[in-house]
């Protein structure tokens, strides 16, 4: 309303006089200059409270607004955009108070109350009022120079900061409740404008009493309802007190005892760390602290040792702020015994000698005393010395001098060390041994002048009695000590030592002596002399020549050594005795005689490594001695009689060519030469040499041939030959391929083999074509060539022949060669080749196919109604196809016209061998011609296989249907052949031992043909089930099989009859199909065209058998569908389907859909192979199911759907079958 008044006033101002304005002002209730009754004043308020700035206006005629920091807040009292701002008071009284809720720092600033000018008054502005918003400080916090603990006596600056306050906070600091007065304060800018941080600094000198006490900072300002405090705990480090040692009241301790002392240190922060040292070496650094009693303690446990004597124990205490460690020390005095008492000197002496002994101790505290004893007698002839020892102790030394006698032997000599103060005693004893010589020595030996044979075993025994120790016996031969004597044996009477001798030639006239002695150093002896007979001590053969060569004469001397009596000399070379020349004997060693013999021999190479033996024989002793001389005859290489002259090896194996050669010297060098070249490993990595034997890896036929081995040594050279026969498997090839021959001529197929060896009957031939050939041809061979001769060649002999050569080395080699038989063209002239059909309306093309077999290539020419056809005419196109010997010419007539093109087309096929022709009629589409040549291929107990020749298809795709009947059947059964173009078909599911009448006809969309071969009926009787299975079986086995089969058959039969009866009743209620009471339907012929010219109505009907809700139909024969195997009725599975067995074929009346459900769910057969539309098909298939094509669907009666074939008038022109 006010805005409207202002707008009106502003408008009237331009058109009215002042009097009018005044009157208008009276009209709205205001007249006169507006003025402030109350102006706003400065207001101080805490943050979060409500502030009120008062403004009252007298005679307000203008717009009243508040201004903050020069910004108009708006004329509306609710002040939109400022949720905490509003104008309050009674507007009628001119009250425009500014109320601010939840005041914050942003509200701090200058405010003015302004009234805008009006028609009757000028604008007025109040004085500036300041809204001072007080902000309490944030939580104060304390800053230290460092986070490290304080150290007693040092000064530290502590700063307390009270942030973000308005006005600035006042800070007071307390140490353990005591106010710190010497505080310096200053302010700094806060985190926001208008806020200030107060800093208070104080310098504190750390005291040990301050540790763990509180340092408090207290901040307050008018905005804070109470003072804010923050505190910190002071951590002050100070050194500990000096340590003390407890547990060592007496400084004198005994070695071996355990010492336990405790070091204590009180005070300090942190508590002191303690460690023990001994003579400056650290012993322990472990200690414990007691925080409650504020002390540290360390226990030292140690075993006292002699070396601890006068040791200084020190305990040190220190912490992190100690100026230096504080310590406490104690010195130990250790009592210890000597660690060792040693007795030195010789305790063995010869009777009458004087001994000197020494007994001394190691260091001890206090020193010990020493006494000497011999047995139970104390010896006083001593000299004692005391000196300083280790570890601050004393050592004692005593010397003893004593003259020994025989009576002292075996007595104990003892040194005793003792100390009465420490109750220590230790003794050292040794047995005193006194030596004196043996009394008597004698021998047990053979008498003098008795002759002994060398090799005889002789026992000599030496005896000795008396002496200390007993005498040591030593045997000597010719004054030389013998080490071979047995061990000395002691007895009550004395000692003995045996000498076992095997008499040698050196024992002849030798003196054997036995000496007895001991440590008394006096020797007694006894001796004897032996007489020995012996053969020659040595035989030596000496050659006068240094080098022996083949053909030289060798001179040898045999020197027989000393023998007693003189020996006789003989020579031998292996088993052959040789005659030498003996010389006169001479005196020799050991008192014997020696002899020499001479021998001459002419050398041959076979003497190499043979031995010449020289023997010296004694007739008295009946024994001899021999030696030999090995003949090292030098000769050039000679090949052994075992050296082979031929080596056979199979190709790709490893051939080993040995070298059996001997020579002297045996440093033989052999070379292999092949084809005039020297063989080396570098030439071929397949070559390997082992002791001159040549090894050829992966030998090939090229390696075969004659090899020469030439060997040489320092004496000369020699060579021999070796043949390598490499045998390899045949590799064969045809001499010419292919081989051409005219029909009726003779064909020669030559097969050439490369093989080693070439063996008899190595070649064989095989026909590689289809079928078997009784007489392959005449086979012959000549060396490496095999020949197959075929006389009066026919066309069926054309094809591939395999030639195989086998010489016993695997694998046999084979090659295939082709025989091409040239013959004149022969055209296909069956009924399906003589006609071609087309609709003839000028809108479709027709292919006239002419096919001929012939070799060589066949050329085609075409004529129409006897006149050559111009293939340049665009209405005609010719295409050639060649597959092997089959040549096909396809003449395409473009846009066939009945008037122009229905004619006779003549196809002529010609090659160099002859010519053939065929007339082909192009006519309108029509029903097919009947098949021909229906015949039986095989029959068994439940199936029959038929074959036929298709007739002309009428220009449309034709199908075949088999019709059959058996005695007693109500009507014919029909089954469509699948795939449609097959000409071999097996009818399954037949009964055994039953005669069937079968025939076949053709059907296309124009109609059907008559049955094959002028409605020929083929009668076939199936075999019996047991006709073959039971042949040769025992009677009891046949009986068991029959009874078992009967039982198995009756079980499902009873169930089948029950199910059939039950379904028959259900069908009587729901209705029946057209054929329920007429004829039996073959289960495998479902969905097929039911036509019987003799027993069925003229109309052809496609029927469906199923429940009303089923969507499964039977379709006509033209369509492609998967194969359906027949199956008997039986229990349904969980999906409502019956089990399917493709090898059963039951016949029954079709009364319901139960047996056949969801037939389209089964998998499809693979699509039919692609055949030429005219080519005969020999593939056999079983069963047929049709798809839904080209049918009219009309509602059936009850639960069936009836399909009726279209009338001819409904078919397109090309399918009506009308002749033009």
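Positions of Cβ are set from backbone N, Cα and C atoms, glycine also.
Among the residue ranges 1035-1058, 1059-1082, 1083-1106, 1107-1130, the one that TrEMBL annotates as transmembrane segment is 1035-1058. The average pLDDT computed over the domain 'Ig-like' (438-525) stands at 90. Just going by CB pairs under 8 A, the stretch in 34-126, 240-333, 637-725, 825-921 that sits most against the domain 'Fibronectin type-III' (930-1025) is 825-921. Of the candidate ranges 34-126, 136-233, 535-632, 637-725, 825-921, 136-233 contributes the most Cβ pairs within a distance under 8 Å of the domain 'Ig-like' (240-333). Here the domain 'Ig-like' (535-632) is broken down by DSSP into helix, strand and coil counts: 6 helix, 58 strand, 34 coil.
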